[in-house]
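Visitor: Here's the feature list from Swiss-Prot:
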type     : residues : note
BINDING  : 75, 78   : Na(+) binding site
TRANSMEM : 5-25     : transmembrane segment
TRANSMEM : 35-55    : transmembrane segment
TRANSMEM : 68-88    : transmembrane segment
TRANSMEM : 96-116   : transmembrane segment
């Protein structure tokens, strides 16, 4: 139960960080390009790798600490970093087909299903 509470707290902090960073960046760049989301996603990828590497190589806090930091904070900050991490893991293990399916599938299906949801949402 304590681990779940810590993940929830880390998730709340990740959400607030995402909101704050995306909003600040978007105000700087204006509304013509989704710069806030762009910066959050690429920053999230860097931070995910940094935190993962730090927890793996520098601290031996165990899987619970990784779960709190990566699933809690980073999961709420951006799921894009998880998508990239899982894709790189597939590539690193030479699972080319699964990597290609993961990358193209999530992007193409994500666009198609968002469009379908938008269409259906307007019908209701």
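Placement of Cβ uses the backbone N, Cα and C atoms for every residue, glycine included.
Each of the listed features needs to be described in terms of its position in the shown structure.
Guide: Contacts of residue 75 (Na(+) binding site) defined by a Cβ separation under 8 A and a same-chain sequence distance of 6+ are given as 11, 14, 82, in order along the sequence. Residue 75 (Na(+) binding site) falls within a helical segment according to DSSP.
Sequence-distant contacts of the transmembrane segment (5-25) (same chain, six or more residues past either end, CB-CB distance under 8 Å): 35-40, 43, 67-69, 71-78.
Residues 18, 21-26, 28-29, 61, 65-66, 69-70, 73-74, 77-78, 80-82, 84-85 of the same chain lie 6+ residues outside the transmembrane segment (35-55) yet bring a C-beta within less than 8 angstroms of a C-beta in it.
Sequence-distant contacts of the transmembrane segment (68-88) (same chain, six or more residues past either end, CB-CB distance under 8 Å): 3, 6-15, 17-18, 40-41, 43-45, 47-49, 51-52, 55, 99, 102-103, 106.
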Visitor: Non-local Cβ contacts of residue 78 (Na(+) binding site) (under 8 Å, 6 or more apart, same chain)?
Guide: 18, 40, 41, 43, 44, 45
